[in-house]
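Each remark here refers to the structure printed beneath this line.
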Amino acid sequence: MIKKIGILTSGGDSPGMNAIIRSVVCTALNHNIEVKGIYNGFLGLYNNDMKLLKYSHVANLLNQGGTILGSSRFLEFKLEKTRKIAIKNIYKRKIDCLIIIGGDGSYKAANFLTNMGVPCIGIPGTIDNDVSGTDYTVGYFTALETVVDAIDKLRDTSASHHRISIIEIMGRYCGDLTLSAAIAGGCEFIVIPEIIYQKELLLLEIQKSIKKGNKHSIVAITEHICDVNKLAKYIQKKTFKETRATILGHIQRGGKPVAYDRILASRMGIYAIQLLLKGYKGQCIGVINNKIVHHNINYALKNMKKIFKKDLLNSIKKIY
């Protein structure tokens, strides 16, 4: 019988993490399960930095961005000796299970802990939408709205100055956020990790667009592919058109979660407690075809990688 659980947020924060925390805490307390909030991710687990969470701590979290528990990237957690110290703290606090909110890196840590005897449930919280075993992650749709709003504003000024704009979008090594934002924002050119980047080919496409009479355009590109400022200089030199690069950066992680993320966070938090009550462990939660599902974390990490939406990219190219 589960009497006490711990909850933490790990890695890059995303809008809706607080909504997950609220859902987990309220559902757990309704089943007479105590909840320990673990601060600053796995670093807090290592440092034994925990606090009992009550209704009053989470009552107003549904619409708040960020995470009240704090987050961090604690690379030392990859070391077994570090995890053993964290596990000692878990046993000292008499925690029966951990709920871990984050991305694939957080899932890997959850899998390690499960294999070392600490039952874990993973909930996907990241704007990158790159987590195994789910169509969407909590925070993705809020970030999408943020990026599309930025693209719309760039479109206004690019049109005024007959300028080429390059906008760098987060996503790590997944192009989902860039692709969806580019389609919704009407970007003429899309550069994502799933397609081999060829600078000369991109230039050729831009030159064709100029010959068609297009006086301005926007290039949407996922981070880590190239230096966008250098790319802007290259395009300007070759096309003789003013070209500017904009790096959106961490603004994409902030803001109040949109309705879909709030709903998804609430559903996943409830489902996590239901899984624990049924005796499940070593699971990750996802949403597939709008149905909340769960998978073995180890299986999901190895066999359920995100599928690239190539058909979506190919279809949108027909517009331009």
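First residue shown is number 1, and so on along the chain.
Cβ atoms here come from the backbone N, Cα and C positions, even for glycine.
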Please pick, from Arg155, Arg163, Arg172, the residue that Swiss-Prot records in the ADP site together with Gly186, Cys187, Glu188, Lys212.
Arg155
Same ATP site as Arg73, Phe74, Gly103, Asp104, Gly105, Ser106 according to Swiss-Prot: which of Gly6, Gly12, Gly171?
Gly12
Relative to the Cα of Gly103 (ATP binding site), which of the binding-site residues Thr126, Met170, Cys187 have a Cα no more than 10 Å away?
Thr126
So which binding-site residues out of Gly12, Asp104, Glu188 end up within 10 angstroms of Thr126 (substrate binding site), measuring C-alpha to C-alpha?
Gly12, Asp104
Rounded to a whole number, how many Å is the Cα of Met170 (substrate binding site) away from the Cα of Glu188 (ADP binding site)?
18
Of all the binding-site residues given, namely Gly105, Arg172, Gly186, Glu188, Arg253, which is spatially nearest to Asp128 (active site, proton acceptor) at the Cα level?
Arg172
